[in-house]
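Structure record follows, encoded as structure tokens.
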Amino acid sequence: MVKQIESKTAFQEALDAAGDKLVVVDFSATWCGPCKMIKPFFHSLSEKYSNVIFLEVDVDDCQDVASECEVKCMPTFQFFKKGQKVGEFSGANKEKLEATINELV
């Protein structure tokens, strides 16, 4: 299941609640074509990797979160463990997304 993040507070709470689990964050926008293309795949990964937390941040709804995380383009995927960023890449690359999850989990 993918949790939609609505605020900076909710983002911080989700990172804190994850504990030792890997957190994958999809920074996207409704108007972004590549974001729409990879969204179903991102959701399918959340079903496949039940031990990983999947979050979705709409950069237009949560500009403060996107800015704090220094997101420059969409989609950007960031990976967190124990509240610290441990990985990041931009672009709708399905293979890289799953490979990065496998590497960090």
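These residue numbers are counts, starting from 1, taken along the chain as shown.
The backbone N, Cα and C atoms fix where each Cβ goes, glycine too.
Note that this is a predicted model, so its numbers are computed, not measured.
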(request) Check the candidates Cys32, Cys62 against Swiss-Prot and report the one noted as S-nitrosocysteine. (result) Cys62
(message) Tell me which residue from Cys35, Cys69 Swiss-Prot records as S-nitrosocysteine.
(response) Cys69
(request) Return one of helix, strand or coil for Asp26 (site 'Deprotonates C-terminal active site Cys'), based on DSSP. (result) strand
(request) Identify which of the modified residues Cys62, Cys69 has its Cβ surrounded by the largest number of other Cβ atoms within 10 Å, counting every protein chain shown. (result) Cys62
(request) Report the same-chain neighbours of Pro34 (site 'Contributes to redox potential value'): residues 6+ apart in sequence with Cβ closer than 8 Å to its Cβ, ordered by sequence. (result) Met74, Pro75, Gly91, Ala92
